Amino acid sequence: MSIDTDFLTSVEVKEDELHGNVLIAVTQIALGRTIGVIDKATPNDSNALLILNLIKEADDGEDANICMRQEDRKTFLQTSKIINIGERLLLQRLSEEECDEEDQDDLENLILLKDEDRPDSTQSCTKSSSEDSNLNGFEEYIREHGELVPGQTPPDGSHKCGVCPKSFSSASGLKQHSHIHCSLKPFRCHLCPKSYTQFSNLCRHRRVHSDGWTCPTCQSQMPSQAALTKHRPVCEMTALYKPLMAQLAGLSGAGGLGSVPYWPHILQMATQAPHFPLAFLAANPEAYKLMQQTTCASPDAECSSGHASESSPTTTEPVDLTATPKPPSTSEMETTSKSDDGEDRDSIGDSGNDDDDDSEAGVLDESSTTTSTKKRPTSHTISDILAAPQLGAQALNSTFLGMLQRSLNYNPAVPSPHSFLRAMSGAKASSSPSSSSGSGKDRYTCKFCQKVFPRSANLTRHLRTHTGEQPYKCQYCERSFSISSNLQRHVRNIHNKPNTSLTPHNHHRQRSLHNSTSTSTTTTTVHHPLLHLPGTSVPVPKV
């Protein structure tokens with residue numbers, strides 16, 4: 001049997017609700033084109049028979065485009081008209097009388113295959129006589145009774161593979177197996193150029209075009225479930241390192257730290273914070289100058305020389321920025337001493353001196369007034385500064401926000417200039433949508449290979465594979481281990497063998513090792529029972 005390979009590339013298998021699996025033309029097929037020849041005298045390919053069996057016979061009122069004609073022991077199939085794209089292939093059986101009425105010369109040109117188109121005999125598979133008889137019986141059944149109805153059982157003895165010696169108990173098993181030997185893929189997807197040898201694989205592929213496999217994090221379409229499983233850990237790990245803007249999105253109601261893009265506004269906010277470190281400005285004079293320029297440039301800000309008289313010239317004096325502890329004022333000391341004296345007099349008894357009580361109350365009022373006037377006035381809160389229009393109008397600098405995420409290596413004696421930012425963000429960290437990384441197992445990620453571990457202990461042990469650290473050293477030899485269990489196994493199998501001879505020298509060595517490791521929680525040294533009995537001692541020879 002031979003089948004035209006160009007014809008196979010011009011058709012595809014589709015599922016029809018009324019007719020089941022049918023052949024549809026994907027390219028235009030010319031008139032008089034020979035599709036295939038079935039010859040009983042030569043071995044025939046069962047895969048080709050299954051493909052040709054998909055050509056349904058035309059019903060009454062339907063126009064057939066494929067004609068089938070039989071001559072001697074050969075059956076020829078050819079196109080009887082031009083088949084357009086999307087047209088279903090329909091078969092018409094011609095009797096010998098109808099064939100005789102036609103021009104024999106034209107039929108020979110349209111039906112007979114050329115010698116160069118016929119398959120090489122060396123490519124055909126050699127089969128036994130029983131296989132030939134079974135296959136010929138299948139061909140005879142198709143020729144006499146027509147196509148197989150879905151669910152119809154072929155005749156007995158026809159479920160054997162024509163290429164290999166395998167046999168099957170059902171026609172569906174033989175049909176599914178036959179695609180293994182066929183290099184062609186008749187089941188093609190109508191949305192993409194992919195094709196498959198089995199219809200079940202095509203049905204599974206159609207899920208990509210219907211719902212598909214979508215990543216819930218980045219909404220990306222994956223071609224298969226395996227690709228989605230491989231993509232999700234990488235995508236979820238990338239989501240942990242989003243910019244600071246996404247982490248502070250929940251703070252937009254209170255002014256939002258996301259609207260603070262540049263250093264001048266950061267310094268302006270910092271100076272109005274209650275615990276801003278003056279030592280930072282003393283060590284960074286350029287930052288102080290930049291802060292002063294920004295404060296004077298803003299229309300609502302008040303400069304130090306703004307309240308001066310217009311007639312008197314403004315003079316700039318150097319400001320002492322050294323952070324020195326402020327001594328307590330005399331009024332506060334007097335208030336404290338007088339309050340203590342008043343408590344002593346009240347403990348002795350009521351002396352009836354109302355004037356002293358009034359004088360003490362007056363001193364307290366004066367001291368509290370003096371203390372309140374000496375405090376630095378704060379006219380704006382941090383939330384008001386963050387909500388300023390000039391701060392929200394500027395663009396976000398992702399580089400600066402990334403720098404805020406990293407820990408700055410400042411002197412421990414000097415407080416960090418960004419401590420107030422961390423304090424504010426920590427106050428509402430629970431309201432931030434990205435403050436929690438989803439599940440606890442995604443928090444510990446290796447910085448070398450990006451692996452994720454559920455516990456910090458697992459990550460610490462994994463990091464030693466990259467750094468080569470071996471903190472667990474053997475007490476007997478010079479070997480070191482990265483895992484404590486490996487050290488314990490080494491000591492148990494190498495140094496503490498059960499057949500070791502017990503000598504006074506070994507007793508002395510084990511006792512000294514026991515004293516040196518008595519504070520540890522895990523003891524890997526094996527001791528002799530005499531060392532643990534009260535009142536017993538092992539004689540140790542003098543060296």
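Backbone N, Cα and C define each Cβ position, glycine as well.
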Matching range for Swiss-Prot feature annotation, region 'Disordered', among 448-495, 496-543: 496-543
Swiss-Prot annotation of zinc finger - which of the ranges 26-48, 72-94, 187-209 it falls on: 187-209
Maximum Cβ pairs under 8 Å to the zinc finger (444-466) - stretch from the list 159-181, 187-209, 213-233, 472-495: 472-495
Per-state residue totals over the region 'Positive regulatory (PR) domain' (2-62) - DSSP helix, strand, coil: 12 helix, 23 strand, 26 coil
Across the zinc finger (187-209), average pLDDT on the 0 to 100 scale: 77
Three-state composition of the zinc finger (444-466), taking helix and strand from DSSP: 11 helix, 4 strand, 8 coil
